Every structure is written in C-alpha cells, then in structure tokens.
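Trainee: OK, TrEMBL features for this one:
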type     : residues  : note
TRANSMEM : B:16-33   : transmembrane segment
TRANSMEM : B:54-73   : transmembrane segment
TRANSMEM : B:104-125 : transmembrane segment
TRANSMEM : B:131-152 : transmembrane segment
TRANSMEM : B:173-195 : transmembrane segment
TRANSMEM : B:228-245 : transmembrane segment
TRANSMEM : B:257-274 : transmembrane segment
TRANSMEM : B:281-303 : transmembrane segment
TRANSMEM : B:309-329 : transmembrane segment
Amino acid sequence: MRITGNTLTRRGFGAILAAGLLATGLTACANSDTGDNAGGTAGDDKIVLGFSQVGAESGWRTANTTSVKEAATEAGIELKFDDAQQKQENQIRAIRNFIQQKVDVIAFSPVVESGWDTVLKEAKDAQIPVILTDRAVDSADKTLYKTFLGSDFVKEGRLSAEWLIEETKSATGPVNIVELQGTTGSAPANDRKKGFAEAIAANPNLKIIASQSGDFTRAGGKAVMEQFLKANPKIDVLFAHNDDMGLGALEAITAAGKVPGKDIKIITIDAVKDGMQALADGKFNFIAECSPLLGPQLMELAKKVHAGEEVPARIETEETTFTQQTAKEALPTRKY
Amino acid sequence: MSSWRTRLPAVTGHRLFWPVVVLILLLAANAIYRPSFLAVEMKNGHLYGSLVDIVRLSAPLILVALGMTLVIATGGIDLSVGSVVAVSGAVACLHISQQPDQNSLGSVLVALAMAFGVSLLLGLWNGTLVAVIGIQPIIATLILMVAGRGLAQLITSGQIITINSDPYRMIGVGHVLTLPFAIVLALAVTLLVAVLTRRTALGMIVEAVGGNAEASRLAGIRARRIKLLAYVVSAACAAVAGFMMTANVSSADGNAAGLWVELDAILAVVIGGTSLAGGRFYLGGTVVGALLIQTLTTSVYAMNIDPQTALLFKAMVVIAVCLVQAPAFRAKFRRRRAMTAGPAAPTGEQRKEQVAA
C-alpha cells in the first residue's frame with residue numbers, strides 16, 4: 001500500500017512540474033509574440049525605447065499601456081513593448097533582451113520593489129539610461145536609474161483631505177469620517193492613508209471613526225460599508241482609496257436608505273470612467289486623479305536622457321482633482 | 001437531569017457541535033462589542049441588519065461549497081470554481097451590457113442561459129480531464145483555475161463591465177417576501193442538492209465512488225459518469241454564485257470576482273466535517289462552514305479590527321476550529337484535564353466548563 005501511495009505522490013509531483021513547465025512555455029510564447037512586432041533595431045537615428053509593462057490587470061493599466069504606445073508613435077520614438085504578465089523574472093528577461101538589442105533608453109514599471117540591482121547594474125554598464133514609471137524600486141544605489149516618473153500617492157491623500165477641510169470649514173461639531181483602505185500593505189493604500197491622516201490632523205473636528213480594507217474592489221467596498229453603516233449611526237464622510245470601492249459603497253449607502261453625495265459625502269482617488277460618471281451624477285463629491293496617461297511625459301523624458309540632459313530624480317505625473325462641476329466638463333473627453 | 005447527562009455526549013460529540021459553538025461565540029462577541037449587531041429591522045419592506053448581511057453574503061460561498069462538497073466526496077477537488085465564477089459573471093454582464101435595453105427580462109434570461117452554458121462546458125472539461133483521461137484532480141482543475149481567469153479577463157477586455165439592469169440586480173440584491181433573493185436562491189439549491197443526494201441513492205453512489213472507485217465500478221456503478229457529473233454540478237453551482245457576486249455590485253471584474261473563493265469553499269467543506277479523502281459528505285456541515293467563514297469576515301468589519309491584524313485573527317479562529325474538531329487533539333486535552341482533576345472521568349459539569357471555555 002505504502003509503495004503505491006509513494007508512486008502516486010511522485011506521479012502527482014511530476015504532473016505539477018509538467019503543468020509548471022507548460023505555463024512557462026505559454027508565457028515564453030506570448031513574450032516572443034510581442035517581441036516580433038517590435039522589429040530589429042533600426043539603423044536610422046530614431047530613438048529606440050524598450051518598455052516593460054507590469055501586465056494588464058486593470059482598466060487603469062490598460063489605459064497606461066495605450067497611452068505609452070500612442071505617445072511613442074506621436075513622438076516618433078520606436079517602441080519595443082513587453083508585457084511581463086505580473087512576473088519579475090519575465091521583466092528581468094525583457095530588460096536583458098533590451099540591453100542585448102542595444103536600445104537607447106529602457107523604461108519599466110517594476111512588478112515588485114526589490115531585486116533589481118543586478119539587472120539595473122547591467123544596464124548601467126551597457127550605458128543605457130533607465131526610467132522607472134508608476135512604481136519605484138528600493139535600490140540603495142540611486143545612480144542605477146535616471147528618474148522615477150509616477151504618481152505621488154501621499155499627495156493624492158493630502159489633496160483629498162484638503163478639499164474636505166475646505167468643505168467643512170464652517171462645521172462646528174465633529175465630522176465623522178470612515179475610510180476604505182486599499183489592499184493591506186500595498187504602496188497606494190499605505191501612502192494615501194498617510195497623506196490623508198496627516199492633513200486632517202490639523203483640524204480636530206475631523207475624525208476617522210472606522211477604517212477597513214476593501215481590497216480595492218467594488219465587492220469589498222460594499223461589504224465593508226454595509227457594516228460601517230450599521231455600526232455607526234452618524235457617518236458624514238466616506239474616504240475611499242479608489243473609485244471602485246467608492247462605487248461599491250454607493251450601493252450599500254443607497255440600500256441603507258441614505259443619499260450618497262448628500263447625507264454622506266464621498267471622496268475617492270483614481271478618476272476612472274465609472275467614478276467620474278458617479279461624480280458628474282452628484283453621487284461622489286470629490287476625486288483626486290491618479291492618472292495612467294504618462295506616455296507623453298515618458299517620451300519627453302526619454303528624449304532628454306538620450307540627449308544626455310540632466311533630469312530631476314523624481315517626476316510627478318501631471319494630475320488634477322475633480323469636483324462635480326469639473327467632472328461634468330471633463331467626462332466627454334476622458335480616455336479611460 | 002440524568003437524561004440531560006446521557007444526551008450531552010451525543011450533542012458534544014456531533015461533528016457540527018464545535019463549528020456551531022464557534023459560530024455562536026463569534027456572534028456573541030459581536031453582540032458584546034455592539035449590542036445592536038443582532039438586531040434585525042424592517043427597512044423599505046425588507047429585513048435589514050448585520051445578520052441578514054452575513055447570510056446574504058455567504059449565499060455565493062454556500063453554492064460554491066455545495067458543489068465542492070460533491071466533488072470532494074468523490075475523492076477529487078475543484079480548484080477552478082473561482083475562475084468559473086469570474087467567467088460566468090463576465091459572460092452574463094458582457095451580454096447584458098451589449099443590449100439596447102438592459103432592463104429587458106428576455107435578454108437577461110438569454111445572458112444567464114449563455115453564461116450557465118459556458119460554465120457547464122467548463123465543468124465538462126474538468127470532469128473529462130479527471131474522469132475520462134485520468135489526470136489528478138488537483139492538476140486537472142489547476143489548469144482551468146489559471147486559464148479561466150485569463151479567459152474572464154479576455155471576455156471583459158481587462159476592464160470592469162458595469163451594467164444597469166434591474167432584473168439582473170435582483171439576483172444579488174433583490175428581495176422575495178422580505179428576504180434577500182440570494183438567500184432564497186441558496187436555500188433552494190441546497191434543498192435541491194440535499195433531496196437529490198439523500199432522498200435517492202445518488203448520495204450513496206457518490207460516497208461509494210469516493211470510497212473506492214474501482215470497487216464501486218465492479219459493483220455496477222458507472223464511477224466515471226458520477227465523477228464527471230460532480231464536476232459539472234460544481235461548475236453549475238459556481239456559475240450561479242458568479243451571477244450573485246456580479247449582480248451584488250452590478251459589475252463584472254474579471255480580475256477580482258471569485259478570487260480565492262475555491263480556498264474558502266474547501267475550508268467550508270472541511271469545517272463541515274467532510275473528509276478531503278472522499279467517501280463521506282455532509283451538506284449541512286458545509287452550509288455551517290460557509291456561514292462561519294462569512295461571519296468571520298463580517299466580524300472583522302463590524303468590530304473594526306485593524307486590517308493588519310485581521311488575517312491573523314481569522315487564521316487563529318480557523319486553526320482553533322480545526323484543532324478542536326480533531327478527535328485526537330480533544331482526547332489529548334481531555335486526558336490532561338483528567339490527570340489534573342484526578343482519575344475520575346469527566347462529568348457533565350466538567351464538559352460544560354469546556355464548552356464555556
């Protein structure tokens with residue numbers, strides 16, 4: 001019996017390995033596909049930019065990819081695009097490929113923060129400048145990359161708080177705030193929470209009475225808000241770390257017989273299409289934008305670093321904030 | 001008194017005793033933290049309260065776990081249910097979003113039929129891999145777990161599809177006779193599965209296949225067909241759960257819908273007393289397990305437990321349930337108590353103390 005059991009386990013293990021190999025094979029195929037349409041390095045003086053994207057996990061990311069591709073065409077930059085499908089090893093391989101192909105500039109959105117020193121060193125040795133987009137790396141050696149282009153999450157939290165402070169200037173009593181946090185431990189969740197909390201500390205009337213993680217999803221936001229509403233009879237403001245959680249919470253607020261935007265003011269971050277629609281409809285009150293459209297800025301930077309110009313170590317994406325009025329005006333031309 | 005004493009071991013020995021005790025303790029903790037937690041009131045003509053939320057939100061998990069119970073009873077496992085949830089929700093919402101009139105009942109029914117059909121095909125795929133080709137269930141369903149989520153994202157083109165359809169919303173947030181429709185639906189499916197498996201020989205046949213597929217085949221049972229059927233039923237349950245989850249928020253998120261629900265479902269099945277080795281299954285236990293898991297999640301929100309520690313809190317409760325359910329662990333615990341308390345066997349009062357502890 002025991003022997004049979006063992007062979008079975010072993011066979012099972014082999015099958016797992018086979019499945020793993022199969023999966024790797026699939027990703028490899030997908031990668032070579034994207035590599036093909038990039039073509040060979042042109043002999044002309046067009047700048048060649050190698051860009052490795054995290055993946056296509058959200059509407060935000062898709063808009064980000066489209067922006068980069070469109071901006072490259074417009075700026076006359078030859079783009080070699082690679083989709084890392086959420087895996088660091090794919091991304092490291094893509095960067096090594098870029099180095100071998102002797103591209104002029106490498107840009108990438110790191111899947112994770114750590115583990116980049118070796119491959120970035122290789123790029124530096126090959127004298128190819130590197131630009132980080134959207135997400136940072138934690139390398140101690142800051143000379144490994146030229147600049148980091150992305151949103152300032154702390155600032156987004158602060159802008160949200162500043163609008164609220166202005167809005168509740170005349171309030172005499174306490175203003176009860178509930179907070180829907182993003183995925184626990186993620187950089188946007190940590191930083192937005194921090195920025196918001198620091199800014200409202202100035203006004204003793206503003207108080208966060210409950211704060212929970214809604215995992216950046218609508219279902220999560222709704223489930224948490226349902227309990228917030230039952231546990232706290234007086235909620236004045238909802239601060240959600242992204243639009244989707246805010247949209248989920250909307251449903252919970254309506255089901256509880258309250259009017260979103262009036263009984264409970266809603267502040268969110270991101271400004272995706274559905275969120276902007278809710279803002280224009282008067283259900284949200286304020287959105288701090290977290291823009292994925294950093295393509296034009298990236299192309300500008302690529303040209304500068306290629307020409308050897310000095311660029312600041314940290315560049316913020318051009319972002320704005322929306323109120324109900326400005327949302328109505330901006331909505332027809334939104335790209336995502 | 002004496003009849004109470006003789007009956008007590010039968011109660012405490014029941015496999016659902018400990019999960020129910022933990023469930024009651026959780027609810028009690030919530031009630032102490034906020035007395036109004038247990039209150040159920042009428043609002044806009046339907047029931048409203050945290051308890052209603054718990055049952056409503058556990059409805060999709062109950063469905064997925066019911067299917068999982070049958071698959072596990074045949075000695076298999078279905079890791080792909082979360083992906084089937086995402087695919088079914090995505091297909092239904094995509095079809096509805098393309099209609100000129102999203103509120104038309106006819107097009108919603110077509111959408112449901114399409115999504116249900118696709119899910120049945122996915123179940124058939126799993127069942128064929130396991131029962132006909134003979135691939136290990138954990139590997140066979142792992143394929144669809146990974147590929148299915150990709151498929152769901154392909155269907156939604158990586159975006160969240162938002163719909164505005166009242167008939168579809170009904171599945172997730174509608175009400176029937178003051179009760180949330182999701183609860184009624186989950187109850188109906190549970191009863192249907194219970195009647196089909198326990199009022200006919202089907203349940204016994206499933207257990208026979210799970211106990212020893214070869215022996216049951218020699219006894220004249222079409223073991224392959226039963227296994228295949230289990231995976232199809234599992235996918236069908238996941239499809240309905242997918243409707244509930246997407247209707248709950250009127251949108252299909254291929255990336256997040258049903259994420260990790262397979263693990264919650266397996267946990268619900270195990271808490272309910274069904275062995276992962278197959279051969280025995282308890283539908284009632286699965287339902288209690290699913291309720292316990294949802295109560296745990298809702299408690300974190302209701303008691304506002306810090307998200308950084310929430311996972312640890314959940315893990316500790318689950319570990320406690322699993323340990324206290326294990327006869328070997330209980331025997332060890334009882335022996336230690338018996339040793340400190342003297343050689344006398346534990347009396348009813350001592351047992352009661354253990355319960356309170």
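Glycine is treated like the rest: Cβ placed from N, Cα and C.
Not measured: the values here are computed from a predicted model.
Tell me about the setting of these features in this model.
Mentor: Non-local neighbours of the transmembrane segment (B:16-33) in the same chain are 50-51, 271-273, 282, 284-285, 288-289, 291-292, 295-296, 299, 302-303, 317, 320-321, 324-325, 355; each lies 6+ residues outside the stretch with a CB under 8 Å from one of its CB atoms.
Within the chain carrying the transmembrane segment (B:54-73), a Cβ under 8 angstroms from the stretch's Cβ atoms is held by residues 81, 85, 137, 180, 182-183, 185-186, 189-190, 193, 197, 206-207, 210, 230-231, 233-238, 240-242, 244-245, 258, 261-262, 264-266, 268-269, 272, 274-276, 278-283, 286-287, 289-291, 293-295, 297-298, all 6 or more beyond its ends.
Nonlocal intrachain contacts for the transmembrane segment (B:104-125), taken as residues 6+ away from its ends with a CB within less than 8 angstroms of a stretch CB, comprise 80, 84, 87-89, 91-93, 95-96, 144, 148, 165, 167-168, 228, 231-236, 238-240, 242-243.
Long-range contacts of the transmembrane segment (B:131-152) within its own chain (CB-CB distance under 8 A, at least 6 residues past either end) are made by residues 71, 75-80, 82-84, 86-87, 89-90, 122, 125, 223-225, 227-228, 231, 252, 254-255, 257, 262.
Among residues of the same chain six or more beyond the transmembrane segment (B:173-195), those with a C-beta under 8 A of the stretch's C-beta atoms are 42, 45-47, 52, 55-56, 58-60, 62-63, 66, 70, 233, 237, 240, 244, 247-248, 283, 287.
For the transmembrane segment (B:257-274), the residues of the chain that approach it from at least six positions outside its boundaries are 15-16, 19, 60-62, 64-65, 67-69, 72-73, 77-86, 89-90, 145, 152, 238, 241-242, 245-246, 280-290, 292-293, 318, 321-322, 325, judged by C-beta separation under 8 angstroms.
Outside the transmembrane segment (B:281-303) by six or more residues, the chain places 15-16, 19-20, 22-23, 26-27, 29-30, 33-34, 37, 50, 53-55, 57-58, 61-62, 65-66, 68-70, 72-73, 190, 193-194, 197-198, 203, 206-207, 210, 264-265, 267-274, 310, 313-314, 317-318, 321 with a CB less than 8 A from a CB of the stretch.
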Trainee: If we skip the immediate neighbours and take only residues 6+ beyond the ends of the transmembrane segment (B:309-329), which ones have a Cβ under 8 Å from one of its Cβ atoms?
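Mentor: Sequence-distant neighbours of the transmembrane segment (B:309-329): 15, 18-19, 22, 26, 267, 270-271, 273, 292, 296-297, 300.
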